[in-house]
């Protein structure tokens, strides 16, 4: 069964937060009671993503069919591909008072991101994000539901002619979202503060082989389509050969405190953002575990507000935001929702799904 959306408002915020943290308390014996670092023991993490669980047998059959030369019944429910990434992180930088202006949480991999990838690709309930379909919306227990049409976030079939983009905010150093989700979109822009970017680029380059479905071009990573050796008298380029589609992948600095897209003169400072507008018909902004204290909430929401206005008015893009929160402070979660809904006038939906509710995470769809 697909996830449902609970439309939150200034009254139901508190009901939602109370219920979610009550659920969390009831599962305290099953869930790790830590801050959410994926693994603090090592500088290099080896992580595998693969189909698993109750549908394992069915997925394995799909994998075997994919390897045949005949027509492929690509997944309509869950992804069939597996991925293995090697992530270099810096525990010492996390605890440093000198690195990146004392903003150091991005130097390690936090567990929200791997959980989100597994849920998005392999959970049957996340199918609307893979298929692009209507999702039931409720406004609380006393409200009849209606449906919200969602564009595809990830096209697993490769048959959809729509152009999709992902803009990642607060990416951190791991680079695992672009090298995995980049397989299913046309443009991916990964952003964070300037001090994070070199390690982010290193991890992306280390795991570039996981872009199994795409050829990757990137100005920031200095990646170009290779030229194939001449055959006879003809010069043939890789772009002219029937092969994988192309992913535009960029890494860029984006400071939430300084961004000002209302000033047209500053647009030239963000060519990567313009790339999304110029190449895509829909964009999902993805932000995983970026709301962990109250001081980040206003800069983050102001940035979303500017991005939404600019991308919709300039390029007429379909604009959606997915925010993943590791449920730590109930006060911070409540304040984030209050500000997003009441002060910044966003439409915010709680993604209601059993797999998520059995975790320490929550995901919100913002439009």
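Note that the numbers count up from 1, one per residue, in the order the chain is shown.
Using the three backbone atoms N, Cα and C, a Cβ is placed for every residue, glycine included.
Swiss-Prot annotations:
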- 110, 170, 171, 172, 192, 256, 288: S-adenosyl-L-methionine binding site (BINDING)
- 58-68: compositional bias 'Basic residues' (COMPBIAS)
- 55-74: region 'Disordered' (REGION)
Mapped DSSP class for residue 172 (S-adenosyl-L-methionine binding site), helix or strand or coil: coil
Greatest C-beta neighbour count within 10 angstroms, which of the binding-site residues 110, 256: 110
Residue with minimal Cβ packing [other Cβ atoms within 10 Å] among the binding-site residues 170, 172: 170
Distant-in-sequence Cβ neighbours of residue 192 (S-adenosyl-L-methionine binding site), under 8 Å, six or more positions away: 106, 169, 170, 171, 172, 200, 253, 254
Number of other Cβ atoms within 10 Å of the Cβ of residue 171 (S-adenosyl-L-methionine binding site) across all protein chains: 29
